[in-house]
Amino acid sequence: MDFQSKKLINDPNGHDNSSLRLRDCYAVHRGLRVVGYSGWRITPAKVTEYLYVVTEFIEGLVETYPGLQYLDGFPDVKVVLRADVSGGTYDKVAVISGGGSGHEPAHAGFVGEGMLTAAICGMFLPLLLLTPFLQYGIRAVTGPSGCLLIVKNYTGDRLNFGLAAEQAKSEGYKVEMVIVGDDCALPPPRGIAGRRGLAGTILVHKVAGAAAASGLSLAEVAAEAKRASEMVGTMGVALSVCTLPGQVTPDRLGPGKMELGLGIHGEPGAAVADLQPVDIVVSHVLKQILSTETNYVHITRGSRVVLMINGLGATPLMELMIAAGKAVPRLQLEHGLAVERVYTGSFMTSLDMAGFSITVMKADQTILNLLDAPTKAPNWPVGADGNHPPAKIPVPLPPSRTKKNEETLGRPQQLSPEGHILEIAIEAAAKTVIDLRDNLNELDGKVGDGDCGSTMSKGATAILEDMKKCYPLNDPAETVNEIGTSIRKVMGGTSGIIYDIFCKAAYAQLKANSQSGITALEWAGALEAAIDAVSKYGGAKAGYRTLLDALIPASSVLKEKLAAGEDPVQAFGLSAEAAVAGAESTKTMQAQAGRSSYVSADILASVPDPGAVAAAYWYKAAASAVKNKYQAS
């Protein structure tokens, strides 16, 4: 059959869209734009046309995971199986499951050693024409040990799997079947339908697969699977219903509504309610699953359980983790249960449905061992096995906070001469930045987002406040480190990170090279190390129109003058002049970093970089304060 010759879409504008493949049809009906057209009315696709979406999914799956294969019978045969299993020689029990597609990763994503041996992929959601696929799958992977069929409790599934089982038995295969009905949303049914099979089926897959991998007999594997199926309960909550390919999205749920207990095929649930906070929703679902009135699952206080939070197709992992974080303490505190394992992710979905389901399974040590057993199934969660250590541990403190050479950090009662000079320099630099706030904001308003002055002023204010309380001014290296800490607390954006890096790098250099007092050359080395760190992590260099265009000239002049034997105070002053000149030179530079890089050269030509101006003038203020101190004395 030439699929591209099938006309899938009726275009009211008269365009011939017969060349569009079904995946394009699928994208269009979900509201996306394909090849420039929109607003098409999608006619219901035929059964044979649905098959190609599933076929192409399987092709991508086996290309992604080399441990998987599919039977060569497309488009009619859609069976995914382990690449290392051959039915004629396989000496363990084969575990087979499947059903309608649209629940991915179930069921094909759980094919692998230690879980499913094969998965049968039917059409989207409604289950038809599945029995032939099942027969092929059974023949492909079943050896002398026989096979176990795990079936979700839906009439179509039971009938298709049942027919395939009887056919396989007539061909001489040993076959057992376990039906999983873990739905806890609806009242106990009075008819023969029973509870629906939901995400708890995945846990039964894992238990059965591990049991089979351990070498148990067919009867023993079936017994483990059946026992697991009787100890699991699930309930789902949806914020939207799913969209079938070729159909319009149903509008059963209005805005601000959620549906409790709807099925994975989009069938209506137990109730529609107003949206509620996640902790309230989680509490309601858990109470329903563990209800003693329905007694669906025999879980009592003191029991050990495993928890599964399952995304229904369109729920971000972050939201699923939030639901998991709400569910665990409620199970522990409200229901008195020991939560031994938590599995969070998308395991059994419903196409693009927004929402999640919660599964609780009673677990003894045998069940836990089977759940923890290794598997190569690509979508089983790695890292969820084993006992949990404490969820929280103390925040580790840096060495500078835990050991201070027998001296606790804090402002000294008596300042040394060097400590007093350091205090004067810091105070002058900080006050200058605060005084420049409005001017810096004005400059930044022309070339950036207009908050450079406000951001810098916050940091300077924090420095002044913390210096009075906790700066160990007699220890210059530790004081520089504390300045970085003050900045980190209050300065947001890039500037805060840059100055924190600046201080941390200077601190590391000072600590590495100083034994007692810090010399002028060591201060110069610390400035150079700080500039190098900012350049390394921020990516800026000289000429990029950043604060480095003020600090790099200052560093060069300081090193040059000190090497020539210049008085350190004079060298500091001369380097400050170089910093101011460097900041002014940024007017002629084309920005290559920060928000200024988006501003036209004509505007930049009249405005110096605000960050460079701030750096130049706090540096100059510190140099002037030191000079005035020495001149006064």
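Yeah, the Cβs are placed from backbone N, Cα and C, and that goes for glycine too.
Sequence annotations record features per position, and here TrEMBL assigns active site, tele-hemiaminal-histidine intermediate to His265. Taking the Cβ of His265 (active site, tele-hemiaminal-histidine intermediate) as centre and 10 Å as the limit, one finds 22 other Cβ atoms among all the protein chains shown.
As annotated by TrEMBL, substrate binding site applies to Gly100, Ser101, Gly102, His103, Lys152, Asp157. Counting Cβ atoms from all protein chains shown, His103 (substrate binding site) has 29 others lying within 10 Å of its own Cβ.
Residues annotated as domain 'DhaK' in TrEMBL: 49-380.
Annotation comment: TrEMBL describes 420-624 as domain 'DhaL'.
As annotated by TrEMBL, region 'Disordered' applies to 380-413.
His265 (active site, tele-hemiaminal-histidine intermediate) and Gly102 (substrate binding site) are 9 Å apart (CA-CA, integer value).
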